[in-house]
Amino acid sequence: MKIFSHTNPRENILTYKPWHIEVSEQWQTLEFTNGRVQGKTIVAKIKEIDNREQARDLIGTDIYIEKSQLPKLDGGKHYWKDLIGLEVIGKTGFAFGKVENLMDTGSNHVIVVRGEKEYWIPYVEPFLIETNLKEQKITVDWDENF
């Protein structure tokens, strides 16, 4: 089965067991027997999948792991999933909205913020002032008219 991994590096997905998927609002556990990098994807043999028809049913399905499997991050670093939904406030007090998504542009990370309009704000210094998970907010130095 072909896997498009968002882990960094991409083959790290093979270090997490078990995998979980959601199909028809039901959680299922997947076990893989082996896997390898193949180009920009990962190819893995899933125990429960024996033919192409079964594999086809899982196209577009996201793979999840348990949060406890993630390594602890150094101070000041956050997992992207922890930033989704945080309120984004400018240093002037302007409320941009909430983090809807994050993107890696190649040169830096960008938070996609949805408020009255959509803002793409670089998630790097000097634009990033503070990320406070306890207060559920990110403070940025960004012009609301940009």
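Each residue, glycine too, has its Cβ placed from N, Cα and C.
Straight from TrEMBL, the features:
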type	residues	note
DOMAIN	1-69	domain 'RimM N-terminal'
DOMAIN	80-144	domain 'Ribosome maturation factor RimM PRC barrel'
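Each residue of the domain 'Ribosome maturation factor RimM PRC barrel' (80-144) gets a DSSP state, and the totals for helix, strand and coil are 4 helix, 34 strand, 27 coil. Here the domain 'RimM N-terminal' (1-69) has, by DSSP, the following mix of helix, strand and coil residues: 14 helix, 26 strand, 29 coil.
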